[in-house]
Every structure is written in structure tokens, then in C-alpha cells.
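**Q** Supplied in C-alpha cells, the structure appears directly below.
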Amino acid sequence: MSKLRMVPHGNSGSADFRRCFALLCPSAVAVVSILSTCLMTNSLGRADKEMRLTDGEDNCSGRVEVKVQEEWGTVCNNGWGMDEVSVICRQLGCPTAIKAAGWANSRAGSGRIWMDHVSCRGNESALWDCKHDGWGKHNCSHQQDAGVTCSDGSSLEMRLMNGGNQCSGRIEVKFQGQWGTVCDDNFNIDHASVVCKQLECGSAVSFSGSANFGEGSGPIWFDDLVCSGNESALWNCKHEGWGKHNCDHAEDVGVICLDGADLSLRLVDGVTECSGRLEVKFQGEWGTVCDDGWDSNDAAVVCKQLGCPTAVTAIGRVNASEGSGHIWLDNLSCQGDESALWQCRHHEWGKHYCNHNEDAGVTCSDGSDLELRLVGGGSRCAGTVEVEIQKLLGKVCDRGWGLKEADVVCKQLGCGSALKTSYQRYSKVKATNTWLFLSRCSGNETSLWDCKNWQWGGLSCDHYEEAKVTCSAHREPRLVGGDIPCSGRVEVKHGDTWGTVCDSDFSLEAASVLCRELQCGTVISILGGAHFGEGNGQIWAEEFQCEGQESHLSLCSVASRPDGTCSHSRDVGVVCSRYTEIRLVNGQSPCEGRVELKILGNWGSLCNSHWDIEDAHVFCQQLKCGVALSIPGGAHFGKGSGQIWRHMFHCTGTEQHMGDCPVTALGATLCSAGQVASVICSGNQSQTLSPCNSTSLDPTRSTTSEESAVACIASGQLRLVNGGGRCAGRIEVYHEGSWGTICDDSWDLSDAHVVCRQLGCGVAINATGSAHFGEGTGPIWLDEVNCNGKESHIWQCRSHGWGQHNCRHKEDAGVICSEFMSLRLIDETSRDICAGRLEVFYNGAWGSVGKSNMSATTVEVVCRQLGCADKGSINPASSDKPMSRHMWVDNVQCPKGPDTLWQCPSSPWKQRVASSSEETWITCANKIRLQEGTSNCSGRVELWHGGSWGTVCDDSWDLEDAQVVCRQLGCGPALEALKEAAFGQGTGPIWLNDVKCKGNESSLWDCPARPWGHSDCGHKEDAAVRCSEIAMAQRSSNPRGHSSLVALGIFGVILLAFLIALLLWTQRRRQQQRLTVSLRGENSVHQIQYREMNSSLKADDLDVLTSSEYPNESDDFNDAGLISVSKSLPISG
């Protein structure tokens, strides 16, 4: 079968190629043209351009010529002015611009005209940096060639006349052999500075216009000068041109330079040599300075000029005697770095709008003799405001004193915010203080000295009252060691020290104030006898005398403890009302029904999964409904609607309120609407539970069912201490008024099971001995305990009897129960205990926590509970390597309020295998600070850990360690690693010792060191750093490489434009071929062949034709531009 060839009609392919660019769209041509121009412009680098002046009288005058691409050409004078001339003169090393000359001033040039409509600002470094129409673009002839006249300044002179010396007087300039003056239009201190510097007369003191030094004669050479103050000569300033002005000699300007002025400065009527009213000697006479615009920058210049220490305050309207005579200066405006007051901007000498009651003054100090403190208030954060400046004590006058000023004082002293301010009246007889007067603070200042216009040294306070302040940190309270939110041992912070409070010193009113301050509602109970464990450290020797309505404990008055002494065994504890809004609904009386609680503002039913008779007893007691008679199962009083709380209470039955009971919510089982707690109380408000006898406590003889209870309760109490939670620790029993321990003789899991069950802590997973949780104190109540494991209370087990033993406290027994929960952040690649995978210890094993619904609030609870920080962030897993681990719980959702993760609702406990992508990874904000330094980037290193600030020991402390600290604080590179308490000794724990950083760690937490809190140092070895305070940012630049990339990019765009044009031409040609084959009547064979080819394609032919709609680069083009089809196709005929 013969091959079919399709021959396109029309001209040959070569002819079509000749018409290719005629078919290109105009926009493609424009793109190529623009890019070609860009390439040309880009190729004109700065290095291949030169400039010269020709046909002039010397090297600094003549016609301007520019060399571009090895060809010299001229510049057109369209728009030519002094700004352009200034650039050329400076570029050619002839710094003084004299004249902008056109073609008439120099012979016309020849060749190219390279630049036209040049427009300079005057500060460019080269003429081609100015705007212009483009290289070689112009609309002028060589008759408009631009020229300039410059000068190297050697023929120019300047002098000061009629001032009495060579450094003061009327300014005169010699130009072209003739002396002339300068007009005072827009003349200022910057111009005067250039003149004085040029004449080597020191700095400029003042300037004056209006021919103050007499009228000159001859030309007026300059008008409307524009100087920056940095010029080397007056004629290098911008100007309209030599001899161009609109002035007469009545406007001649003059200057007084420092070397020609009789100027002096002094402070008078102050309490020290470096304080008082400011006076200036000018032209032989002393005068004052007006306080308009007077501020700390102005005062700083005065103090520096007088050789006094740093300025403390800029005083206006001083209480000392007023000055007299001239008021020399007004509206001073200093930057603060001037060496003399008269270098600052100001009105002309002697021009002012003031009286002497506005005379300015200063107080200078280097800060070492400047102190602020609160005295007589019981702590460093309360009392009368006392200031000490240069060894002189003073008080703050109540005039202008308010809560904003008090807030600044509290902030400066590190005492939080101001709670109240008050005054203390003194009689005139005692009014001998040196007073500090304030003219209002904004409240945003970090120091009282930052408040504007405070005055020091007055001996009269109108009302004879001194200011007093109470700051929030005066007595900052917290509750420690409680198993529930808003409960625990009372600890109060005075300054930087936490201490406990004796149970005899804390009244119900004081407890009410504490609960209110901590936003914990109302007080439920006050518990003495170290109910929440003994504290350590300070015991405050003061009795709180609150009225009960105060908002903060700091607002209560205090008195010395009446009995004088106290020990930690009497530390007071408080339980506040987190769970006191309770009720019974759907019962036939107020004392029976479905149990409901109000939590976070919402009422809901309580799940009955952990509801027992002990919980019910406390519930009835709180409602004043007697004791619990039964706890009916099912939805005995209706299913209820709305929220079902899954909180699990762990009451012993002896508590007075539900808030006294430990509570958990994490991992609680799900509840349906029918699984709600109910109770039937006795209704007798006076009825209480009586002690049980031995028979009633014997579980083998008890007839008590799950729904009814005997109306008695065991007299003993049981607790676990030092275990980190309510379900682990040393066992302690309360008997005959004292807490005591249990000896570990014969102690085993059967005994431990009873303890765990009694406390509602599940089952025992470990029975510990040998004082595993530390040695206790007091009696050892039980020894040789032998339980069968079924007893409900530990004292039902056989033993030697109460108080009968042969042990010491080093044998105290302990237990870890299955319900014991602990928390940690762990990352196997880091030692940082405040960042890593979130894990909980439950039922004797560690497991991770899922990240589903994990919120910022939940992260905050975790970080606070671990004592790491107040907030943190959720991060991806630290390793990309997929791993599988056991997960305990998921969907933890903490609302606002809980203090521990245990009080947060979640999905039920369920151990399962989970991938690392399902786990929660948290980084708590590692808190680090520098204290007592001269700036935020120097000082003693302090770390926040375990809920308190502590220091770092200087053992092994070096520059690599300091480098990490400075980087972590954003303070740039470290300058010094300081030892031996270089910035003073800290307080509190010494958290780290033997730190050994490499220097590239991102946090001090990442560096090797001893375990946290393990140190053999004292605070005299506290480590410190001094950082550079410069945040380094590395940048790299490669102009040559950048230019190469630009050129390559432009070439690529041009190539792309060409390919687009070729594609358009190819498509157009193909369309013409098809029209020719199908429509030409004189060649009908072509029509038949074309139709037959399309109608007889078989399925196997599609493989050849569906790969591309059009021929591509692999198609076989012959010399004539024909396309060969190698597949034989049948033709039906």
C-alpha cells in the first residue's frame, strides 16, 4: 500500500519564515524592545563612565562632558541649576559651586549629547545618579551645552566684623576679590556652626540678624542658605547662586562663636553644688533660663557641662528664690549629647516670653546617690514614700500625687501595682522635710525619675502631708498543697520571700479576703495544725486584722503576734468555695433529690460513677440537711437535662463542704442522662454522724448496702504526704489530736490496698517502706499491721495497737495507689524538663496525652502545674521518625480556673497504642531574667523553675554559657561571664550548677548541668552576664552575582518571548494548511484523501495519533517542510 503525503498549498516554508516576525503580535515586539533597552542600560555600569570640564579657565570650570561606552559627549542645559552644579563640583574635587553656565560661557562641543533634563537633589555622589531622560536621549543642540564654574575654595575668604574679636561679628565673604555680606533669611544655628567651625572659633553660641553687628557694604553674596551643619565651608551649603538675593544690608547676619563669647554657667540656691536655679553669663551679665520646653535632655547637657553627675531632674518653677536681671534663653531644645547648653536650639539671646517665676533649674546625680523606698508600712512594698538624693532625705508632697504616681513607685520597686495611696499629715513644726514635688506621671513610666518636671529641694509643702503607698506585692498570698482548686496552706509573700502564717493569726475575715483576692469565691473553712502539710522557711510574726470587705490581703492592718512564737506544725490552711453552689432537685422535700452543682456559672447534674455514701454525707451536711440516709441508683429523681458533670469527689465523710474534698475530672468515665447522682438526707439539721463501734466497722458483720448507710463514721482520719498527690506518699493517721505515721514492719500490698481503697485511690501498686517519702514526725501510731485486704479502714486491720511499736521514723510506711497521677514533659533528646511530650502517670505507668482539642488554656494549666511558666505553646514532635507509644487519655479540655490538669474534663482513661503525631508536645516559656544590672542586658542570671525564681552557681561558668543566656534574651553576643555575685547576691533556690554549654544552644535549659536544685554553692557565687545589647543579623550580598542573575533573567525573558512568537506563527500556518486542503476546489483528490483518512482510522491507529494534537519536536521534517505519515491507511473507493 502506498504512503499518503499531504502537501500544503501556498508558498514554501522558507517564505513563511521570512514573514514570521510580520505576524508577531505588537505586544511581543514591544516586550523585546523594552528588554533590549534594559540590557543596554544594565550594561552601563558606574565603572565605565567618566566626567571632565573642558575649555574653561582652570580645572574647575568649563563645559561638562561625560564619557559613556568609550565615547565623550556633552550635557544639555535644560533645567540646569545650582543643585546640578553642586554635584559636579563635588564629584570633581572642586567642592564650591560658583555658577551654572550655559553654552555662551564655553565653546560648543561636538559628538554625542549624552544627557538632557538632568534633575539633581544636590546630595548625589555622581551626576549620573541624578534623574535624566536616558542616555543619548535629548531635544537640544550643542548650542545648549551645559557648563559650570566651581572653586577649590583657595581664592575665597571669610571673616567676622564689628564683634570685638575675630570670633564674633557680622559675617563677610570675599569673592572675586570683593568682600560682601550674608542675608539673614532662614539663617539658623546650623549655619552659624559652619561659620565657627570654618574659622576655627569653636562651636556656635548664637546668631543674630537685622544687622545686629552693624550694616555692611558692598555685595550681598548669599541668601537663603541651606546648611546641615556638617559642611567644611559656608559656600559649600546649598544656595541660589553667588550674588542672588532679595535683601538689603539691614538684614546682614552675624554670629558669636564659643572662643569669642564671654559665657559661663552656674547653679544657685540649690541644696548641693550640683542643684539649683540655672544662670548663664552672656556678654558680661548673668541671667536666667526660661523653663518653656525645659526637659531632661536640657538638664543632662547642663550637668555634663558643669562636671556634675548625670541629670536627675529638670526643675521648672522652683520653690527657691526667683532670679533677677536678664532672661537670656527660652525654648531650649537639646538632644542631650551637646557639650554646652548654647549649642542647643533656642530663641535668640535675650528673646523670651517668660517671667522669673518660670526660671529653670536642675538636680544632677549619677544614680548612686538616688534612692526610693517605702518605710513604716511593714514591708518594702508599703509605707511612706521616701527619697534620698545626694545623701539628703526627703518625702513626697501630696500635691500632684495620685494612684498613677503610686503605681510607678510600686513598679519601680518590683512590688506589682498600687492598691491604694494615702497621706499622712504633719504639723508646721515638723514640716522640715526636703520635699519632692511631682507634676503628674502618666503611669507608664518605669521609674519615678522618668516622670516629667518633678522638682526637688523645696522646703514647703502646702498641705504638710506626705504620700503613702500600698502595693499589691506588699502581702501577696497563695494556697499551696491542696488537692482541689482554691485550697491549701496559706503562704504570703513579703517582698521576695514567701512565708507561712500561724493558725492563731488568721481569722475568718482574713480568709474571706484571701479567697476574694484569689478569685476563689467565699471561704468554706479554716484548717489549722498544718492540715495541708508543714511549710518551710519564714513564719510571719504578724496577726492579720481584716474587716472582711477588703479586696486584697495587703489592705488589712496587721499587729504583732500576741503569743510571740509559732512553728510550722501550726501552719494555717484555707478552703475556698469552688464547689459550694449545690442543690437537690425533683425531690419531695428540700433534702432529697438529684444532685446538681454549679461550675463555672453553669448548673449540671453530677455523674454517679464515683458517687458514694461518704460524698453524700458531706453533701447533706453542706445543705444543712443532716446526714445521708441513702443514695438511690438510676434516675430515681429524674434524668435531668443539660450538662452532666464528671467530677469525681473523694470525700471521707468528715468534711463540712464539698469544697473540702479532693476532686478529679481527668479520665472520668462517660455518663448517660440516667447515670446521675441522688441522695436522701435525714433532714435533721442537728443530726451528725456518731463514732462507729467495732461491730459496725466490721465489714463481715455489716448489713449496709450500696444505697443505705449506717449513721456513723470512723473517728480517725488518713492522709498521704510528700508524694506529689493525694494518692501517693507517706501514710499518716490522725488519732487523739495528733498526726502520726505507720511502721513498715510486715507492711505489704494487702495493707496498702486498704489504704488506697479508704482514700478512694483505687488499688495499691506499690507498698513502700524505709521512709521512701521522707521521715515523718510525731507519734508512730501503728506497727505490724496485718490486713486481709478487705477492710474498709486501716485501723480495722490487726496490729500491736495504737501507739505500740519498736520503730523509728526511718521505717515510715508509704504507698502508691493506682489513682495516683503525676505529670511530666519529656524529650529523650533534651534535658529540658519544661519542654517535650506531655505524659501522665496513672495506674502505675507513664502514658502520653492526646492532642485532640488541646487548647492554649490547657497548656497554661500544664505549665503552671509543672512550675515552668504561666504559658506555653503546642509544638510538633521533636523527631520526624514515626514512633508508637502507650497513650492514657485524650480530649483534655481545661476551662478557665483549674489549677491542675486533674480537674480538667477529658475522654475516659483508656490505654492504647498511639503514634507520635497523635501526642501532645508542649514547650513552656522558659523564663529567664537578668537582675540588678545597668540595663536589661546585664545582671545576675535568674531562672524560673518550680514556681519560684532562683539563681545559677558560677562553678564552670564561662563565656559559652553567657553566650547562650544573651542569645536567649535577644541581647546579642556576650561580652563577659561574671562570677562571685558581681551584681549582688540573689535569694531563693540556686537552681543550676556546673553549667557546661557549647555556646550554640538556643536555651540554657539545653545545656548540660547538674540536676535542678542540686548545688553546693551559696549566693555569693551567683553567676552573671554582660551582653552587647546588639541583635546580630547576618546578611550576605553579592552585587556582581546579582547583576549576572539579572542579565540571565532578562535573557530568559527574551528567549521566552521569541518562543511564544514562534508558537503563534506555527499555529497560524497549520490553520492555513487545513483550510487549503479542505476548501480548494481545483484539487478534489486532496479533499477525498483527507476525508477518507479521517473516516477509516482504526482503534490501533489511535496510539499513534492521540499522543499529540499537533506535530512535535520528534516529527520528521523534510527539506521541503513536509510531514511524513508512516502508517499506511486504506482508502475506500
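From the backbone N, Cα and C atoms, a Cβ is placed for every residue, glycine too.
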**Q** Swiss-Prot pairs C953 with one of C868, C894, C1017, C1027 in a disulfide bond, so which one is it?
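**A** According to Swiss-Prot, the disulfide partner of C953 among C868, C894, C1017, C1027 is C1017.
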**Q** Disulfide partner of C620 per Swiss-Prot: which of C556, C566, C681, C692?
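**A** Within the candidate set C556, C566, C681, C692, Swiss-Prot assigns the bond with C620 to C681.
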**Q** Need the cross-check against Swiss-Prot: the disulphide partner of C966, picked from C868, C894, C904, C1027.
**A** C1027
**Q** Given the candidates N139, N693, N936, specify the residue that Swiss-Prot annotates with N-linked glycosylation site.
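**A** My reading of Swiss-Prot gives N139.
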**Q** Where does the N-linked glycosylation site label fall among N123, N230, N331, going by Swiss-Prot?
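**A** Going through N123, N230, N331 one by one, Swiss-Prot annotates N331 as N-linked glycosylation site.
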**Q** Look up N59, N1112 in Swiss-Prot and give me whichever carries the note N-linked glycosylation site.
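**A** Annotation hit in Swiss-Prot: N59.
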**Q** Counting Cβ pairs under 8 Å that are 6 or more apart in sequence, does the total for the domain 'SRCR 2' (158-258) and the domain 'SRCR 6' (582-682) reach three or more?
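**A** They are not in contact.
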**Q** Between the domain 'SRCR 1' (51-151) and the domain 'SRCR 6' (582-682), do 3 or more CB pairs sit under 8 angstroms, pairs being 6 or more residues apart?
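**A** As far as Cβ distances go (cut-off 8 Å, pairs 6 or more apart), the domain 'SRCR 6' (582-682) and the domain 'SRCR 1' (51-151) do not touch.
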**Q** Between C817 (disulfide bond) and C247 (disulfide bond), find the distance joining the two CA atoms and give it rounded to the nearest Å.
**A** 100
**Q** Tell me which of the disulfide-bonded residues C196, C257, C451, C787 ends up closest to C502 (disulfide bond) in space, Cα to Cα.
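**A** Looking at Cα distances from C502 (disulfide bond), the smallest one goes to C787.
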**Q** Which value does the mean pLDDT take for the domain 'SRCR 2' (158-258) in this predicted structure?
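**A** Mean pLDDT, the domain 'SRCR 2' (158-258): 89.
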**Q** By a simple count, how many Cβ atoms lie within 10 Å of the Cβ of C797 (disulfide bond), its own Cβ left out?
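**A** That number is 19.
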**Q** Sort C807 (disulfide bond) into helix, strand or coil using the DSSP assignment.
**A** coil
**Q** Fewest other CB within 10 angstroms, which one of the disulfide-bonded residues C441, C451, C756, C817?
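**A** Across C441, C451, C756, C817, these disulfide-bonded residues, the one with fewest Cβ atoms within 10 Å is C451.
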**Q** List, in sequence order, the same-chain residues at least six positions removed whose CB sits under 8 Å from that of C576 (disulfide bond)?
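**A** Those within reach of C576 (disulfide bond), by Cβ under 8 Å and sequence separation of 6 or more, are L479, C486, S487, A511, L514, C515, L518, C520, G521, T522, V523, I524, G659.
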**Q** Of all the disulfide-bonded residues here, C257, C566, C743, which one's CB has the most other CB atoms within 10 A?
**A** C257
**Q** Considering Cα atoms only, can you say which of C89, C196, C566, C787, C807 is the nearest neighbour of C441 (disulfide bond) among these disulfide-bonded residues?
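**A** The smallest Cα gap between C441 (disulfide bond) and any of the disulfide-bonded residues is with C196.
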